[in-house]
Amino acid sequence: MIVGLSNPKKKYHKTRHNVGSWYIYSLAKNYLSILKEEKKFFGFTGCLNIKSNFIRLLIPDIFMNINGFSVHRMASFYNISLNQILIVHDDLDLAPGIIKYKYSYGHSGHNGLRHIIKEFNTKVNFYRLRIGIGRPKNKNEISSFVLSIPDFKEMKLIKKSISYAIKENFTLLNLIQ
C-alpha cells in the first residue's frame, strides 16, 4: 500500500503539504490507474500491478493531522500492517528536489505521521518517502509555509524529484517484498 499524505479541499491541492498526493496522482497516471473516492476509507483509492505486485493507493481526503484515520481504516480492511505501507510526505528538512527513502519508526515532527503512528498503536518501522519542500527562515512561519504554494523554481524541482521517485519504485518494491 502506498499513501500520499494530504489535506482535503481544492485550496490545499497545490500546497507544499500535499506533495504526497502529487506523488500518488503522478504514480497513478504513470501506470494508468484511476483514483476514485472511497467514503469508507475517507479518501481516494486506486490499484497498481507492478511486476506482478498488486499495490493499493490512498490519498486521504481529511485533514493532515487526522490522516491516520484514513490510513488505518484502509489498512485494517485489507489486512495490511504498517510495515507494509509506504507513506509519502513533505519534509521540511530536505531542500526542494531532494527525496529520501527511510525505513524507521518515528514522525520527525510531522503531524500526519504522528497521527498514523497513534492510530496503528504499534512501534514498528515503516517505509517513508520524504519529499523535500525546504524550510522557511523563520520557524514561526512553518504552518503558513507548508500551506503555501511553492514558487515556480521549487515546483519544478519537486515535480522532478517525484518523477525520479516513481522511476525508482521498482527498487523499493524489492525492499518491501
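Residue numbers in this text run from 1 along the chain shown.
Cβ atoms here come from the backbone N, Cα and C positions, even for glycine.
What Swiss-Prot says about this one:
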- HIS17: active site, proton acceptor (ACT_SITE)
- TYR12, PHE63, ASN65, ASN111: tRNA binding site (BINDING)
- ASN7: site 'Discriminates between blocked and unblocked aminoacyl-tRNA' (SITE)
- ASP90: site 'Stabilizes the basic form of H active site to accept a proton' (SITE)
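Contacts of PHE63 (tRNA binding site) defined by a Cβ separation under 8 A and a same-chain sequence distance of 6+ are given as ASN7, PRO8, in order along the sequence.
Taking the centroid of the Cβ atoms of TYR12, PHE63, ASN65, ASN111 as the tRNA site, the other same-chain residues with Cβ within 8 Å of it are ASN7, HIS17, ILE62, MET64, ILE66, ASN67, GLY112. When Cβ neighbours within 10 Å are tallied across all protein chains shown, the highest count among the recorded positions ASN7, ASN65, ASN111 belongs to ASN7. Taking the C-alpha positions, the distance from ASP90 (site 'Stabilizes the basic form of H active site to accept a proton') to the residue listed as 'active site, proton acceptor' comes to 6 Å.
Under the three-state DSSP scheme, HIS17 (active site, proton acceptor) falls in the helix class. Cα-Cα distance from ASN65 (tRNA binding site) to HIS17 (active site, proton acceptor): 11 Å (rounded to the nearest whole number). According to its DSSP assignment, ASP90 (site 'Stabilizes the basic form of H active site to accept a proton') is in a strand. Geometry remark: ASN111 (tRNA binding site) versus HIS17 (active site, proton acceptor), CA distance 11 Å. Fewest Cβ neighbours within 10 Å among the recorded positions TYR12, HIS17, ASP90: that distinction goes to TYR12.
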